[in-house]
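Since the structure comes first, as structure tokens, the remarks are kept for the end.
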Ligand SMILES: Nc1ncnc2c1ncn2[C@@H]1O[C@H](COP(=O)(O)OP(=O)(O)O)[C@@H](O)[C@H]1O
Ligand SMILES: Cc1cn([C@H]2C[C@H](O)[C@@H](COP(=O)(O)OP(=O)(O)O)O2)c(=O)[nH]c1=O
């Protein structure tokens, strides 16, 4: 009798940080490192990652709404993303990198907006009871550095227009979560040069089994 052999499950890696921390600058570099290992790679983002998720992203980034509506919409986008992109890819052995995931909901909706963290726990346990990233890379910078980088480059969305105390609380919640789960998080000092960050990322990805 022939026995089917399931492919080894892929790895799930997420990127986090306050706006302007330098996340987008480095994601393509990490994607290339992973492809160089010969892995199939799916590169995605949240909110978004699916056609419906991208519509939800537009709303979340540009329309004013109640903070609980905002939380529900980012988790609605996530539910779709997990079902249509993340789980199928991991199941066939591909690696998945996502520009943000649930830690962003804790940091922005919880830390930044002040939504009860217990409600976010409930949503996370509902939407992905058994799925967490294998690795989360947190790009950390002080607010003034992030703000200077943002001002230099782009049209600001609804989050990027928030005040300093919002980002202070967002950054603190990211750091609190990183301290709570040191085995999942790698915190990168994103005030260092792009080259130094790349070297650190190469080390982190190279060390993955
Ligand atoms: N280590 C760094 N040193 C100096 N500038 C950086 C660094 N990392 C990113 N930047 C610049 O800061 C700006 C914002 O970076 P970006 O990657 O878009 O941030 P994020 O995706 O975290 O919001 C970009 O213009 C980028 O070139
Ligand atoms: C995934 C997620 C993102 N966000 C916010 C954080 C960011 O400000 C925004 C997404 O923007 P971001 O990922 O920074 O994209 P860009 O680099 O194109 O600006 O959405 C939440 O508030 N909650 C979430 O759960």
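Even glycines carry a Cβ here, placed using N, Cα and C.
Keep in mind that TrEMBL annotations are predicted by a computer and have not been checked by a curator.
Non-local neighbourhood of residue 17 (ATP binding site): 23, 138, 139, 140, 141, 174, 190, each in the same chain, at least six residues away, with C-beta under 8 Å from its C-beta. Residues annotated as ATP binding site in TrEMBL: 17, 18, 19, 20, 21, 22, 23, 24.
The domain 'Thymidylate kinase-like' annotation in TrEMBL covers 15-199.
Candidate binding-site residues: 20, 22. Fewest other C-beta atoms within 10 angstroms, 22. Only 24 of the binding-site residues listed as 18, 20, 24 bring a Cβ under 6 Å of any atom of ligand 2; the order follows the sequence.
One way to see the shell of the ATP site is to take the Cβ centroid of 17, 18, 19, 20, 21, 22, 23, 24; the remaining same-chain residues with a Cβ within 8 Å of it are 139, 141, 146, 149, 190.
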